[in-house]
Amino acid sequence: MAPSGGQEAQICDSETFGDSDFVVVANRLPVDLERLPDGSTTWKRSPGGLVTALEPVLRRRRGAWVGWPGVNDDGAEPDLHVLDGPIIQDELELHPVRLSTTDIAQYYEGFSNATLWPLYHDVIVKPLYHREWWDRYVDVNQRFAEAASRAAAHGATVWVQDYQLQLVPKMLRMLRPDLTIGFFLHIPFPPVELFMQMPWRTEIIQGLLGADLVGFHLPGGAQNFLILSRRLVGTDTSRGTVGVRSRFGAAVLGSRTIRVGAFPISVDSGALDHAARDRNIRRRAREIRTELGNPRKILLGVDRLDYTKGIDVRLKAFSELLAEGRVKRDDTVVVQLATPSRERVESYQTLRNDIERQVGHINGEYGEVGHPVVHYLHRPAPRDELIAFFVASDVMLVTPLRDGMNLVAKEYVACRSDLGGALVLSEFTGAAAELRHAYLVNPHDLEGVKDGIEEALNQTEEAGRRRMRSLRRQVLAHDVDRWAQSFLDALAGAHPRGQG
């Protein structure tokens with residue numbers, strides 16, 4: 001079990017600091033501790049865009065990463081002593097935060113993913129509010145703050161990531177006023193009237209105001225935060241509009257000025273572009289088309305299995321296009337890759353059952369023996385296999401009901417150096433603000449989604465190349481390194497030491 005808060009606070013109040021000038025604080029470490037069949041443990045690299053985005057910055061700046069190592073720690077397994085202190089893994093300094101089964105159930109599956117996640121995604125599923133979940137969220141956030149405090153050198157920069165850790169900035173500010181603290185939210189920040197439903201709304205805003213810079217994907221999220229800061233905490237806030245990577249908002253709290261900005265995250269587009277040109281990837285893409293029966297058109301969906309992603313919307317649209325004869329069943333297929341997600345949360349279990357029932361219905365109605373019209377895989381795909389699917393597909397379907405950014409859309413574009421393919425993209429993704437030459441659709445308008453898919457399937461080669469060239473220009477110019485650098489530059493200017 002993790003030490004009590006009192007013990008850790010004593011450590012943090014001492015005059016000893018860590019030696020890391022730059023600290024990332026995230027729910028997960030960039031590696032997971034895995035138990036092997038013989039009972040021993042090993043570290044395995046975590047997939048994910050956050051690791052890709054921040055690892056180069058960590059390496060350049062003598063960085064450390066604070067996060068959960070991916071195993072539940074209930075104090076019964078003595079071989080988890082490896083988690084007792086900092087770990088050097090592939091030349092990165094890692095500081096594990098130990099979480100018990102109860103912590104995961106209440107802080108992560110409970111408050112983070114059954115309260116905050118649905119609230120921040122426009123209440124597609126009703127948020128659940130439980131006092132014990134909130135209490136655990138506070139407790140775990142305190143442990144993350146204390147771990148960050150121990151890792152950070154005097155005057156270091158600490159970058160806190162995402163909705164699971166919204167109380168950490170204030171907690172860390174109280175422990176270590178010498179630090180420069182940034183926070184970035186990777187999911188949408190909700191409209192004011194929705195956020196006001198939250199019983200602990202003031203505490204969340206106060207937690208975020210502990211940062212020197214609070215970042216969102218879009219200007220709208222930044223504006224909502226400024227309004228709530230003024231209404232709930234009484235900050236004196238700027239009244240002008242917030243721009244993208246410019247025209248920052250400000251909230252004045254006592255003697256401190258908190259900068260608020262919009263920083264749309266991106267992907268490592270150069271690396272994806274390079275990988276997609278690889279001869280082996282190209283060969284695998286051709287094999288995929290052969291394995292699918294060499295259809296004329298392949299539509300692709302790649303998502304975590306989440307109710308925000310609109311998987312059911314695209315399947316229903318495809319089913320109706322088949323029924324209406326606007327798409328031919330013998331030359332068009334859908335491939336849906338659905339990565340398992342939060343499988344112990346009831347709403348996710350229900351979603352999986354619903355999607356698999358929907359796939360079965362479509363294949364039963366329109367497929368043939370040995371030739372389904374929907375190919376559905378409920379498992380993660382290795383990176384190279386995923387890139388091959390991007391290269392092989394003719395239309396990428398990205399239809400979330402709400403999404404902070406959606407990096408899959410940008411990954412697809414980065415992989416299409418051949419200027420082939422088409423992107424059908426929900427207006428309710430952050431990416432839609434940048435990828436204006438996609439086929440933009442409203443996922444709540446089924447007829448509009450059907451029209452968008454049909455238009456993408458039937459585009460001329462010239463029109464498709466023109467659209468994809470424009471999309472690639474945007475994605476290749478605004479990559480993940482530019483995102484991280486723009487945030488950190490703004491953070492350096494936000495702290496009093498950088499103002500002068």
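Backbone N, Cα and C atoms are what each Cβ position is placed from, and that goes for glycine too.
Of the residues proposed, Y107, Y108, Y412, Y439, the one Swiss-Prot records at the same D-glucose 6-phosphate site as R28, D162, R342 is Y108. According to its DSSP assignment, W117 (site 'Involved in alpha anomer selectivity') is helical. Close to I187 (site 'Involved in alpha anomer selectivity'), meaning Cα to Cα within 10 A, are none of the binding-site residues out of R28, Y108, L407. The record gives R28, Y108, D162, R342 for D-glucose 6-phosphate. Within 8 Å of the mean position of their Cβ atoms, the other Cβ atoms in that chain belong to N27, S112, N113, Q164. Counting only same-chain residues six or more apart in sequence, the Cβ atoms lying under 8 angstroms from the Cβ of D162 (D-glucose 6-phosphate binding site) belong to A26, N27, F184, L185, H186, I187.
Of R28, R342, L407, A409, E411, all annotated as binding-site residues, the residue with the shortest Cα distance to W117 (site 'Involved in alpha anomer selectivity') is R342.
Within the same chain, the residues at least 6 positions away from R342 (D-glucose 6-phosphate binding site) whose Cβ sits under 8 Å from its Cβ are E109, N113, D306, Y348, listed in sequence order.
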